[in-house]
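TrEMBL lists Cys116 with the feature active site, proton donor. As annotated by TrEMBL, phosphoenolpyruvate binding site applies to Lys22, Asn23. According to TrEMBL, the UDP-N-acetyl-alpha-D-glucosamine binding site annotation covers Arg92, Arg121, Pro122, Val123, Asp124, Gln125, Asp304, Ile326. If you look up TrEMBL, you'll see 7-405 marked as domain 'Enolpyruvate transferase'. The 2-(S-cysteinyl)pyruvic acid O-phosphothioketal feature in TrEMBL is assigned to Cys116.
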Amino acid sequence: MDKLLIKGGARLAGEIAISGAKNAALPLLCAALLTDEAVTFTNVPQLKDIATLLRLLADMGVQVSREGDTVTLQAREISNPVASYELVKTMRAAILVLCPLVARCGEARVSLPGGCAIGARPVDQHIKGLQAMGAEVNVDHGYVLAKSPRLKGARIFTDMVTVTGTENLMMAAALADGVTVIENAAREPEVVDLANCLVAMGAQISGAGTDVIRVQGVARLHGCTHRIMPDRIETGTYLCAAAVTGGEVRLNNTSSAYLDAVIDKLMDAGCEVQAERHAIHLKAPARLKAVSLRTSPYPAFPTDMQAQFMALNSVAEGSAMIRETIFENRFMHAVELQRLGADIKIDGNSALVTGVEKLQGAAVMATDLRASASLVIAGLVAEGETLIDRIYHLDRGYEKLDEKLVALGASVSRTS
Ligand code: EPZ
């Protein structure tokens, strides 16, 4: 099993390119199921989760071709509208095939994703929305079985803001008979990226990016070419890495447009941040000031950046309170950061972090994607060597992370 060895102390400097967004690419690739024509995506990140989803789509009968960061999918025939537990348990976002399969083939058999390190991750809202659109949905032996000869437009109010729930239901509505209104919709930029692609395929969607999305169903969709938006969480992760090392970096092929809440916190911590058209430039102070935060749905502070800021606060001046309001168990990184010498007190969904002068390198273990990122950030600034185990979590969501960090001057190497 691969490990990451980091020698702390290097000040990050220079520039790297940000990859396409994992959390935009996953729903977008599933949208190709909605048409029998070819759909081409560019700026597709080379990630384990993407490879896993492409394998699942190919198993369903979708023709898949990949050239570098360009992927072309054609679902002429869907011979096997099934997503097995073996696959879904490794990549829960596979639930995003559920609605496109019902909309296109009239049926789907998709394994319940089950929980993961950060929480139970139920999909009841996905199911509730499909039922509102007239589908017959049963959960049997761990699988969601959904059937509908033709979905009907409906008014859907999700009990909470759900990103993939909004995406799944928007894809179902695109081919439904009549108008669907999704209220309490997620406003994340990845939802907007998906809506833009669906409209390019012939869908009639308005309101994406607001909490009310209206979809006028159409009889069929056609192919298109779509460039995947930059990964705002990868962007934020490298900004934090540069910030904790007192560094100065430029991140290319990205945009500050979707990171206002994160950039505000970095500036509160003492960083200078310049937003350019397709780049962000950050210059960090010698020592950061601790910043309190509370995670909430977009456009507020993203839960996917919480772990990274816990690492940042671990070495900042002062104390900060971190509140996690989205997931019930997203502090797994705290105990690992404590192994590096961080002063963190957990109380329910709150963490009080008091910055220390120096962290000490140690052997630690990754538990989930963003927790791994926080351990990398801590290792970059810790004294001595940090060895991070189970870095397959990192490979799910960060393309060429070790290469990009080395390009910025970090001392990072992958060992088995
Ligand atoms: C998406 O997960 C992202 N994944 C997550 O990123 C991200 O953390 C999350 O949104 C929140 O922003 C992808 O886009 C592939 P939710 P998702 O449905 O859609 C509860 C990463 O690190 N809920 O918005 O699964 C749920 O338990 C990953 O890249 C229900 O109760 O999250 C959670 O508490 C981690 N029932 C809250 O809502 C449902 O049917 C928000 O979940 C759906 C969700």
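For all residues, glycine too, the Cβ spot is worked out from N, Cα and C.
As the structure is a computational prediction, the values presented were derived from the model and not from experiment.
In this structure the residues listed as binding UDP-N-acetyl-alpha-D-glucosamine are Arg92, Arg121, Pro122, Val123, Asp124, Gln125, Asp304, Ile326; their two most distant Cα atoms lie 22 Å apart.
Per Cα geometry, Cys116 is the residue among the recorded positions Lys22, Asn23, Cys116 nearest to Ile326 (UDP-N-acetyl-alpha-D-glucosamine binding site). If you take the Cα of Cys116 (active site, proton donor) and the Cα of Asp304 (UDP-N-acetyl-alpha-D-glucosamine binding site), they are about 14 angstrom apart, rounded to a whole number. The two recorded residues, Asp304 (UDP-N-acetyl-alpha-D-glucosamine binding site) and Asn23 (phosphoenolpyruvate binding site), have Cα atoms 11 Å apart. Residues from the recorded positions list (Arg92, Cys116, Arg121, Asp124) with a C-beta closer than 6 Å to any atom of ligand 1: Arg121, Asp124.
Fewest other C-beta atoms within 10 angstroms, among the recorded positions Cys116, Val123, Ile326, are seen around Cys116. Calculated from their C-alpha atoms, the gap between Arg92 (UDP-N-acetyl-alpha-D-glucosamine binding site) and Lys22 (phosphoenolpyruvate binding site) amounts to 13 Å.
According to DSSP, Ile326 (UDP-N-acetyl-alpha-D-glucosamine binding site) is assigned to coil rather than to any helix or strand. DSSP assigns Asp124 (UDP-N-acetyl-alpha-D-glucosamine binding site) to a helix in the three-state reduction. Across the structure, Asn23 (phosphoenolpyruvate binding site) and Asp124 (UDP-N-acetyl-alpha-D-glucosamine binding site) place their CA atoms 20 angstrom apart.
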